[in-house]
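Peer 1: The structure follows.
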Amino acid sequence: MSTEVYDGAIGIDLGTTYSCVATYEGSNVEIIANEQGSFTTPSFVSFTADERLIGEAAKNQAAMNPANTVFDVKRLIGRRFDDPTVKKDMESWPFKVVDEDGNPKVEVEYLGTTHKFSPQEISAMVLVKMKEIAEAKIGKKVEKAVITVPAYFNDNQRQSTKDAGAISGLNVLRIINEPTAAAIAYGLGSGKSEKERNVLIYDLGGGTFDVSLLNIQGGVFTVKATAGDTHLGGQDFDTNLLDHCKKDFQRKTKKDLSGDARALRRLRTACERAKRTLSNGTQTTLEIDSLFDGEDFSLQITRAKFEELNQTAFKGTLDPVTQVLKDAGVDKAAVDEIVLVGGSTRIPKIQKLLSDYFGGKKLEKSINPDEAVAYGAAVQAGILSGKATSAETADLLLLDVVPLSLGVAMEGNIFAPVVPRGTTVPTLKKRSFTTVADQQQTVQFPVYQGERTNCSENVSLGEFTLAPIPPMRAGEPVLEVVFEVDVNGILKVTATEKTSGRSANITIANSVGKLSTSEIENMISEAEKYKTNDEEFTKKHEAKQQLESYIARVEDIISDPTLALKLKRGQKEKIENTMSEAMAQLELGESTADDLKKKELALKRAVTKAMSSR
């Protein structure tokens, strides 16, 4: 390869299980094969006493070196070590994940010593491999790329992916959403048409799942809504089959292979192969010689059995479809095309469930499900680097959206959304806040992402402080908060105090959020389910604030000597007693909004009576 630098950019689909790379020049997209001739490369990195292997070579020797072969790193990136999904995944991973300041690190033996790598570093190794595959074909050094992420990735996961790109030595021109990239591949390919239409992208990969509804007209691709599950894919279907095989092996041999990483890796590889076979045939046999403790393993699996083992997971993929249609306000009948993306959409049962959901509608299979995302990323890379010269990309415009609302925590840990979910990016939104205490000179701005009223049920993205601000009475300062989401879906927040002009900002990066999958997957549906709780939480907080504010005013009245003298004997005592009852009610954690309102009313009556009978 020459030292000359390629003036274009490559498109990389950085997948959980497999990755893919492509280029776009003129009007031609090329998916680039690796040295084995495959168009997809396993997202595996293996460490040995002598070397580091990436891709096919790493996956091929995973069974011999399970503790030092890392995969599934996309399920770690941008997450906290204490995330329940990380904990659950760790149970099945043969490699070691350790806690370092709340962040997960992969621990391996490499070149004779123990090394710890962050998920970003492992992802960067896969990106370097994809870059090298492209360089071998182009014959020049590649420095620029567009990388894809699941549409439902939060801010932490997006920023971490961008960081992985930087670690790999790539200038990441853009982070784009996988279903949007696939829509470009479809919209510019066989699905090209000037007619306006609603296209549903159903993207089920090895480890993540996205559904996006786009409106496509000419070269304008507008995402109307997006939903998904950042922790569901083909790997999970393999695991369900693997668990069935483990039980069958134990039943036949009375031996438990759960603790043997090598046996589990061999069995998982056989399960993945069986799953693929069952997409074409109706039955297959898993056969592994000397699987564990000298025992051979053989099991016949039918397609029906595989579908039964994954029944819940398969049906669950329809929930985000329902969510997307609801959010977009589009009826099933108004969906013109359903496009399948991701290797797992080859499973016949998945196709049947989806087609039945849309009343037997024919599914669109004209694009290669493994390559569509890289194809779209390459088109975007070509446009951004000036390599795309065709007429069909001249008017290409991508309008993507924020998958979950972004905002700040107010007094009482109430979530104040600044950018609602579904907002087209890039965007700039402003909202004004004020202080809660007299002479307050410091204001904290905790930033969250999610759909719940109570911030503790959303994802923390980090916080920053605005200080010092001029001391004023509570409620007087005007604090303007600006949320700016760029084309990569990455957030920058700025807060300014208007009189002094003092400002502070944060680009949310590496302040990794405590994201549990159950939160990100169910945030919207939970928000519906717990709406009553959320409303009660808000009402109680407002009632509490009102009562506290009124008590403060009454205290001012009775402590003012001129006003106090005007009160009849006994009236002041009545007010004080009523006020004590109200304060006691405030202390009770289980008080409802109504309880607090009643106490406020009683206190108002006591004050009114005392004043009117002077």
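The backbone N, Cα and C atoms fix where each Cβ goes, and this holds for glycine too.
According to Swiss-Prot, the record shows the following:
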REGION    1-392  region 'Nucleotide binding domain (NBD)'
BINDING   16-18, LYS74, 206-208, 272-279, GLY343  ATP binding site
REGION    393-403  region 'Inter-domain linker'
REGION    404-614  region 'Substrate binding domain (SBD)'
REGION    517-613  region 'Lid domain (SBDalpha)'
MOTIF     575-583  motif 'Nuclear export signal'
Peer 1: Say we define neighbours as other CB atoms within 10 Å of the CB. Which of the binding-site residues ARG273, LYS275 has the fewest?
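Peer 2: Fewest other Cβ atoms within 10 Å, among the binding-site residues ARG273, LYS275, is found for ARG273.
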Peer 1: Take the Cβ of THR208 (ATP binding site) and count every other Cβ within 10 Å, whichever protein chain it belongs to.
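Peer 2: There are 26 such Cβ atoms around THR208 (ATP binding site).
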Peer 1: To what whole number does the mean pLDDT across the region 'Nucleotide binding domain (NBD)' (1-392) round?
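Peer 2: Averaged over the region 'Nucleotide binding domain (NBD)' (1-392), per-residue pLDDT gives 92.
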Peer 1: In DSSP terms, helix, strand or coil for THR277 (ATP binding site)?
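Peer 2: The three-state answer is helix.
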Peer 1: Using Cβ atoms only, which residues of the same chain lie under 8 Å from TYR18 (ATP binding site) while being at least 6 residues apart in sequence?
Peer 2: THR40, THR41, PRO42, SER43, GLY206, GLY343, ASP370
Peer 1: May I have the DSSP-based helix, strand and coil counts for the residues of the region 'Inter-domain linker' (393-403)?
Peer 2: 2 helix, 5 strand, 4 coil
Peer 1: Could you tell me how many residues in the motif 'Nuclear export signal' (575-583) are helical, how many are strand and how many are coil under DSSP?
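Peer 2: For the motif 'Nuclear export signal' (575-583), the helix, strand and coil counts are 9 helix, 0 strand, 0 coil.
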Peer 1: At a 10 Å cut-off from the C-beta of SER279 (ATP binding site), count the other C-beta atoms across all protein chains.
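Peer 2: The answer is 17 other Cβ atoms.
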Peer 1: For THR277 (ATP binding site), list the number of other Cβ atoms lying within 10 Å of its Cβ atom.
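Peer 2: The answer is 17.
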